[in-house]
Amino acid sequence: MATIKDVAKMAGVSTTTVSHVINKTRFVAKETEQQVLQAIKNLNYSPSAVARSLKVNTTKSIGMIVTTCETPYFAEIIHSVEELCYRQGYSLFLCNTQNNPEKIKNHLDMLAKKRVDGLLVMCAEYTQNSLNLLATFEDLPMVVMDWGPFNENTDLIQDNSFSGGYIATKYLIDNGHKDIAIISGELKKTTAVMRYQGFEKAMQEANLAINPDWIMEGFFEPEDGYECMNKILVQDKLPTAVFCCNDVMALGAISAIGEKGLKVPDDISVIGYDNIHASRFFSPPLTTIHQSKSRLGVQAINLLFKRISEKGKEHEIIEIYPELVIRKSVKTL
């Protein structure tokens, strides 16, 4: 394997000059630069990433801590982040935590040893243990995505789940629905609470009662939508519409409704949340709340790149607002 000394010898220059050409740390005459680059090409020389990182104080790598990469919502965001990192010449270290504080600690320790240039954090919930762990890495440029907490040491991208819950519920009300159920996430989790509070505000503004028997909690999985919807369907009185707090729970709810011989939206309307790629292919195509996954990912990684290059600047909060996507799963009464 060729070394930097081999390149210097072939190009007729010093190893210091070769280093300056590779790292672009000092002006080198064009002719000399071409000689070095040609020698690198001829010898198929690949500079040591570790050695380069020590000299220029960068590893061209980003760490990303996520709850999981399996759900469609997270997967779409991760894809946009990875794509932009690739275009910018950065490697992405993706770490799944399942919200386990021990895993978070181990992943953070590993990323610190890798000397990543910055960190993206996107977890479904932030326990106090998790927050304490993140606080110990305050010197590392960090952007917290989606529903994370804000502190003076991090930048934050906010997704406005409260607004999304309000928009979804108001759309049902504007279409004549008064008897509205909600299939939420766990109401001890931030994102579920915010979407529920948006639902609650819209119902209160319209002077509509919230039936406690129609408030269901799941874990944002299709099985939860299915099981929660079945619990609603065995009741004497049925809602005319259901707000499912993510699209995959809406898929489960639609399946349960169909198994009972009922139709969406003829018998029960369904609105989802997230606008995952598959939602337009549901039967019927799902009316939902659009939260741009690609925009969230792009905003986050661009903010992190900015933080890496401008470490002394004041930290920022960037808000992304959800939008209604109307398809065919809600009926006008």
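Every residue, even glycine, has its Cβ placed from backbone N, Cα and C.
Look at Swiss-Prot and you will find 4-23 (among others) tagged as DNA-binding region, backed by sequence analysis.
In this model, the DNA-binding region (48-56) carries an average pLDDT of 51. The DNA-binding region feature in Swiss-Prot is assigned to 48-56 (among others); the stated evidence is sequence analysis.
The hypoxanthine binding site annotation in Swiss-Prot covers Y73, K189, T191, F220, D274 and rests on sequence analysis. Proximity of D274 (hypoxanthine binding site) to non-local residues of its own chain (separation of 6 or more, Cβ distance below 8 Å) is seen for P72, Y73, N246, D247, T288, I289, H290, Q291, K293, given in sequence order.
The domain 'HTH lacI-type' feature in Swiss-Prot is assigned to 2-56. Counted with DSSP, the domain 'HTH lacI-type' (2-56) comes out as 39 helix, 0 strand, 16 coil.
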Distance in Å spanning the most remote Cα pair of Y73, K189, T191, F220, D274, given for hypoxanthine: 17
Number of Cβ atoms other than its own within 10 Å, given for T191 (hypoxanthine binding site): 23
Secondary-structure category, per DSSP, in which D274 (hypoxanthine binding site) falls: strand
F220 (hypoxanthine binding site) CB neighbourhood, other CB atoms within 10 A: 24
